[in-house]
Amino acid sequence: MSPFFMMSLLFGLTFGQTASVCAPSEYTIHVEKRECAYCLAINTTICAGFCMTRDSNGKKLLLKSALSQNVCTYKEMFYQTALIPGCPHHTIPYYSYPVAISCKCGKCNTDYSDCVHEKVRTNYCTKPQKLCNM
């Protein structure tokens, strides 16, 4: 092997993960319930960014567990609860959402993350909007 190839390989293995940019990012969630009069716009932080992954050419030869990709996910988080205004008494007017404190590149945990990217997802209000700053 040539010295250039070896140096490139060592550099890539050593500093490859530093190219990942995964950090808490400000995000607005729009929440509404059919029974409630208002839509609530909640400012929070989510984990967003890019994580280095490696795609194998021999997918048929590997176990499914070896094919999982790293995603930008929560390292530390807590749940905040907001009150949706204008709800009738028989409705539960609370909505809980995650707030990212720190993030990491790792396997997606379906216990607290949506691991599937949906192509069509709306994030807007259809009712009069109230702002919630927590």
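Note that Cβ sites are derived from N, Cα and C of the backbone, with glycine treated the same way.
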Among C51, C72, C87, find the residue that Swiss-Prot gives as the disulfide bond partner of C36.
C87
Recorded disulfide partner - C72, candidates C22, C125, C132, source Swiss-Prot:
C22
Swiss-Prot annotation, disulfide partner among C39, C103, C105 for C51:
C105
Whichever of C125, C132 is disulfide-bonded to C39 when Swiss-Prot is consulted:
C125
Quick check: of the recorded positions listed here (C22, C39, N43, C51, C125), which one has the Cα closest to that of C87 (disulfide bond)?
C39
Taking just the CA atoms, what is the gap between C105 (disulfide bond) and C72 (disulfide bond) in Å?
5
Long-range neighbours only, meaning 6 or more apart in sequence with Cβ under 8 Å: which ones does C39 (disulfide bond) have?
H30, V31, E32, C125, T126, K127, P128, Q129, K130
